[in-house]
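J.: Let me begin by handing over the structure; questions about it come next.
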Amino acid sequence: RSFWDSGTATMVVAALIMSTGALSVAMTGGRVPVFEIVMIRSAVSLMLTVSVVRAEKWTSYLGTKRLWPILAMRGFVGATSMTLYYEAIQRMPLADAITIMYSNPVLVALLAWALRGEVLSARGCVGIAVTLMGVIVVAQPPFLFGGHEWSQTRMAALLRHGKNGMQLSIVPTAWFPAFVAWCWNGLSDWGYGFATGFVMGVLAAATAAVAFFVITCIPKTEPALVVSLWFHGAAIVMSIVPLIVGYPDKVVVPGSFDCGMLCIIILSSFFGQMLLNHSFQIQNAAKGSSINCTQ
C-alpha cells in the first residue's frame, strides 16, 4: 500500500511537519504578533494551494458546492484552533502547550460517542482519565497544587462552615464567593501569562477536536488540497480585523531570523495541513487524532 493510501503514515508525517512549525512559532519569541504569523502563513499557503490546484486543472477551486457549509465549518473552526494554539505557545512553555493541545483525542472520542454512537470502551475511558490527569499535572494550577494562603485546607474549611461557623446548606450563596476568591488568588500565583496560555490551549484542543471530527464527515472524493484551501482562506479572513486594529500587537517588520522561522511555518502549514486533512478523510477520527499526538 502506497504512502498516500495509509492514514497512519500520512498522519505521522503530518505530525512531524507540524511540530516543526510549532517549534518555529515558539522560536519567534513573541516578536511577531500571532495574527501576523497567521496572516503570512495562510496567505502564502493559500497561494501555493491555488497554484497546485491550477496546475492540476481542477474544475472547481472550492470543491463540491453542496459541501461548502461543512468545508467552511472545518476552515473556520480549524483556523480558530490554530490561532489559539499559537497564542498558547507564545504564553507558556512549548512542551506544556503541546501537551494541553494534544489532549484533543479525548474530546474526539467523546464527540464520536455522542454524535455517532461509537462505542467508548473501558480502555478508552481509562485513556480519557489518564489524559486529563496528565494535563493537570503539566499545568499544575496553584489552586490545586498549593502555593497560596488560600490552600485546599482553607477552601475545605470555607465549604464546611458558613459565616458564623454553621454547616453550609446546598444553597451556594455562602460558599460561592469563597470559591471565586480561591480561584482568583490561585490564578495570581499561576501568573497571568501562563493562565491565559492554559485557557487558550484548552480552547485550542476543544476546537481542534471539532475540526478533526468535521473532516471525517467530508467524503474521501473531496481533494485534501480543497479542504486546506478553505482552512487557509478562513484564517486570512479571521486575521484581517485584529491586524487592522493592532490586536494584540501592531504589525512589525520581522528580522532575518524571524523571516526564516516564518518560512518554516509556511511550509509546515502547507504540507502539514494537506497530509492531516487527507489522513482524517481515510481513517477513524479518534485514531487519527491519537496518532497526531506524536507531536
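A Cβ is built for glycine as well, from the same backbone N, Cα and C atoms used for every other residue.
Copied straight from TrEMBL:
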- 6-26: transmembrane segment (TRANSMEM)
- 7-138: domain 'EamA' (DOMAIN)
- 38-55: transmembrane segment (TRANSMEM)
- 67-86: transmembrane segment (TRANSMEM)
- 98-115: transmembrane segment (TRANSMEM)
- 121-145: transmembrane segment (TRANSMEM)
- 166-187: transmembrane segment (TRANSMEM)
- 193-218: transmembrane segment (TRANSMEM)
- 225-245: transmembrane segment (TRANSMEM)
- 251-271: transmembrane segment (TRANSMEM)
J.: If I count Cβ-Cβ pairs under 8 A between the transmembrane segment (193-218) and each of 6-26, 38-55, 67-86, 225-245, 251-271, which range comes out on top?
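T.: Answer is 67-86, with the largest number of Cβ pairs below 8 Å.
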J.: Can you tell me how the residues of the domain 'EamA' (7-138) break down into helix, strand and coil by DSSP?
T.: 108 helix, 0 strand, 24 coil
J.: Can at least 3 Cβ pairs under 8 A be found between the transmembrane segment (6-26) and the transmembrane segment (251-271), with each pair 6 or more apart in sequence?
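T.: The transmembrane segment (251-271) and the transmembrane segment (6-26): touching, yes.
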J.: Counting CB pairs under 8 Å, which listed stretch among 38-55, 67-86, 98-115 touches the transmembrane segment (251-271) the most?
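T.: Maximum Cβ contact count belongs to 38-55.
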J.: State the non-local partners of the transmembrane segment (38-55) in its own chain: residues 6+ outside its ends, Cβ under 8 Å from one of its Cβ atoms.
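T.: Long-range Cβ neighbours of the transmembrane segment (38-55): 61, 79, 82-83, 86, 225-226, 228-229, 231-233, 235-236, 238-240, 243, 262, 265-266, 269-270, 273.
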J.: If you average per-residue pLDDT over the domain 'EamA' (7-138), what number do you get?
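T.: Taking every residue in the domain 'EamA' (7-138) and averaging pLDDT yields 88.
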